[in-house]
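S.K.: Not my notes, these are from TrEMBL:
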- 3-77: domain 'Cation-transporting P-type ATPase N-terminal' (DOMAIN)
- 378-404: region 'Disordered' (REGION)
- 61-78: transmembrane segment (TRANSMEM)
- 90-109: transmembrane segment (TRANSMEM)
- 259-280: transmembrane segment (TRANSMEM)
- 292-320: transmembrane segment (TRANSMEM)
- 829-850: transmembrane segment (TRANSMEM)
- 891-908: transmembrane segment (TRANSMEM)
- 928-952: transmembrane segment (TRANSMEM)
- 964-987: transmembrane segment (TRANSMEM)
Amino acid sequence: MDTPWTQSPEQVLQHYSVDASRGLSSDQAVKHAEIYGKNELPEEPSTPLWELILEQFKDQLVLILLASAVISFVLAIFEEGDDSGFGTAFVEPLVILLILVANATVGVIQETNAEKAIDALKEYSPDEAKVVRSSQICRVHASELVPGDIISVSVGDKIPADCRMVSISSSSFRVDQAILTGESTSVHKSVDIVPDRKAVKQDMTNILFSGTTVVNGSATAIVVFTGTKTAMGDIHKSISSQISEKTPLKRKLDDFGDMLAKVITVICILVWLVNFRHFWDPSHHGALKGAVYYFKIAVALAVAAIPEGLAAVITACLALGTQKMAKNNAIVRNLPSVETLGCTQVICSDKTGTLTTNQMSVSRFLIVDGRTGEPREFTVSGSTFSPHGSVESAGEKGDSAELESDPVQRLAEISSICNDAKIVYSSDKDSYSNVGEPTEAALKVLVEKIGCRDDSVNQSLSSLPPAARASAVNEYFERSIPRLLTFEFSRDRKMMSVLVKLNGSGALFVKGAPESVLDRCTSVLVHGQTIPLTSHLRNSILERTVSYGNDGLRCLALAYVNVTDTDKSHYVSESTKDYARFEQNLTFVSLVGMLDPPRPEVRMAIANCKAAGIRVVCITGDNKGTAETICRQIGIFGEHEDLTGKSYTGRELDELSQEEKIAVVQRASLFSRTEPSHKSQLVDLLQGLGLVVAMTGDGVNDAPALKKADIGVAMGSGTDVAKLAADMVLADSNFATIEKAVEEGRLIYNNTKQFIRYLISSNIGEVVSIFLTVLLGMPEALIPVQLLWVNLVTDSLPATALGFNPADHSIMRVPPRNSREPLVGPWLFFRYMVIGIYVGCATVFGYAWWFMFYEGGPQISFYQLTHFHQCSAMFPEIGCEMFTNFMAKRATTISLSILVTVEMFNAMNSLSENESLLRLPLWKNPFLVGAIALSMGLHFMILYTPFFTALFAITSLNWTEWKAVLYISAPVLLIDEVLKFITATFIDPPSKIKVD
């Protein structure tokens, strides 16, 4: 049976051959178990640890580093006659292996934490169910339930499977379906047929969904779907089918890594082949040793070209970004997603609790003015459950006489007593919240704002502690007007009422749907008396009801009738329909309009998103009219904007063809009365257009869409399943926090580009340095262990500090970048190359300067330096040992010092991509100043500490040598300033920036 909601209870019972009073027989239960299987969600086999570890080594750069480590290790074993000693040769492979192990460990931890959403679904599976089998009521494990089982559920029970209602044994029956629909209001259930075969879950009023909770009443139902066939099972399948998509940054880094890996491999092979003729040089003592020597140089080239610190720096930068975001209530679960936020083009947001406060509040009410006989409106301030707020009439604060008038006081009495909710204060959160229906809680808060006629109570309110203030006025009314009996809400009456003791007699207080209540009213309460309810006055009130509805308000009418009989036994009824005979000849008191108000900061956040070229789409289960009103209030739509083609219900979306849906998602900004499946569908459609989509959600039902979206954003008040499926959790469940997170994401991307630029241009410099020495036939200017030190330590500190670069003032005034835009474009690559070539040339020139021009050096010729391999044969008189003794160490130290210093200047260049250091001075990022100072300090440490000088094969420098280092390094600042000027003037001028 595919659509049990369209069948009567008798038809469903007949389909499963079961009697509601007897239940399934034992044989039937066994047979159904064989046919339908167990009522449980299948457990997905977890990925073995070894597989997760291997996964981390599939990256091209990692594989090259791994190969470099293995080759270096093998060469270290067979190395002979190295001055640095046997132990030093192992430093390089060991350091590389440590880097790889650290990266793999981080990766495995992230992968393990990222896939827990399925496990959390089990929290919503009840352990036991009360079942009728073979005419006996028994408890069975929920997994043993089968379609056809008759179950009983009551207040507090978690529904064990998807069931069709058979009968209700209480006056009303309500279920909290928030984990499935995201809507906080509980749903009234009935046994009536829902004829619509395509009904959304909110409209399936005769179906109980697995994992939802009964909040009122008791009922009997028949199980129709179990296990993966349930609504919860659909969610499980959706989550299972979409584990982990790569983020845009991860894709770009992978592409960049693949390109870099190919370039490095080609260059290493070329370097080795170019030097083929040098294999037989006498200094190598044989062709094999010559081949091994140049093979070592090729390995050194690979080590130089790969930015070993890049992964660590990116992780550090993203982690710093997450800390800043956490202070703004955005908790990031998946680090790379921080950057993805920066290219978000569409934000699909829930309405309830995200764009709105999820705290119902009365914003308006009306009573009938005794002088004019016309409705008179009052406005109420405050949009939360806080009892603080004012009541105003016609724009003026209501005076005590107005608030103590008969209609307003009776309104307060009915709102307080005809009500099952409570307002409580949480000292931990320093906030007020509701216990019970939000609609009723809003009436309780209204009572606190109106006050009572007892001056002693009113005067004490300001001095009460928050916990007592939450319900002080309500407690006064509860003491003054004892409640004797409750006539629960029912769908046929559309109202509830309570019998109370009032003024020595009795009264029936009533609240409900305006049309239903007015139909039973014959009079109206005005100050000091009641007057007849004329047709004119009735129509005026109904017109206000329509007006309130158009403004997105939920309306309730309040009324009462005096009774003389307060004996509860005289009000016993067979069913809720009988309550109607007591609820007659009512006196109308007030029409109350309430809403889940928009968060005050959301309008500005949406305006900022629009200015940043980001489209905001509202997706809600609420009705179309209310949703459109809220969207106008918060700026998604203009106040008088024509919404044709811009607002659709889930049903309307389903009726469109695929081509029409694609056209719709490009222009529509509101989808109301939606199902969870619509969220996933909208993500697919938007992503199909190449858009980067952020999706918010809080229920179990939202998990598949959160997982599928480029950025899944869960609410802090949401379910654990949603939080585990999401990339980011909003602690305050506030849309404005997403806007701040997008800004932070853009900043992080900009800073990521800056430190990648810094690291890559530095690494290009190292590659050019090695390639140039090999090409010219010079001795090694730098050895692998020195390059590792520079890449991992001295470079990584400034690179990490670049993550603290300040945001540009126009960061949220430019359109989102294309997620497919390469990390390194042609012009940016040209800039990398220019700076990198200068870094490499400066390093090699420093080495040559020491040998050729330095007064304290040997002052040999360029020819002698570039033919050092043939020194013993061609010019032994110069002392060929200079190329391997302390002189070589001194020249190498010059090269290393130039490399470190020029890269510190390059870090200064990276403060901004296009802005000159004259306009954006270095001290704007104090962390960068500190990092440069620390890096230079570490460099001084290895230069002037004997242990490190031996380890890195270097020596200390004098002041003359340091002046040469500074003179050779400083021009990189001037070169980049020229490149910035060209970029800002010709390549990417400010006129291209979008300004609203």
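Each residue, glycine too, has its Cβ placed from N, Cα and C.
Provide an account of the burial state, proximal residues and distances for the features listed.
M.R.: For the transmembrane segment (829-850), the list of distant contacts is 757, 760-769, 771-773, 776, 778-779, 781-782, 857, 862, 865, 890-892, 894-895, 897-899, 902-903, 906, 909, 961, 964-965, 968-969, 971-972, 975-976, 979, 983: same-chain residues at least six beyond its ends, Cβ to Cβ under 8 Å.
Residues 758, 761-762, 765-766, 769, 779-783, 786, 790, 794-795, 798-799, 801-802, 835, 838-839, 842-844, 846-847, 849-851, 857, 917, 922, 928, 931-932, 935-936, 939, 943, 952-957, 961-962, 964-966, 968-970, 972-973, 976 of the same chain lie 6 or more positions beyond the ends of the transmembrane segment (891-908) yet place their CB under 8 Å from a CB of it.
Panel annotation: around the transmembrane segment (928-952), residues 84, 88, 91, 785-786, 789, 793-795, 797-798, 800-802, 804-805, 893, 896-897, 900-901, 904, 907-908, 911, 922 of the same chain, lying at least six beyond its termini, place a Cβ under 8 Å from a Cβ of the stretch.
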S.K.: How do the residues of the domain 'Cation-transporting P-type ATPase N-terminal' (3-77) split into helix, strand and coil according to DSSP?
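M.R.: So the counts come to 46 helix, 1 strand, 28 coil.
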S.K.: Restricting to the domain 'Cation-transporting P-type ATPase N-terminal' (3-77), what is the model's mean pLDDT?
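M.R.: Summarising the domain 'Cation-transporting P-type ATPase N-terminal' (3-77) by its mean pLDDT gives 84.
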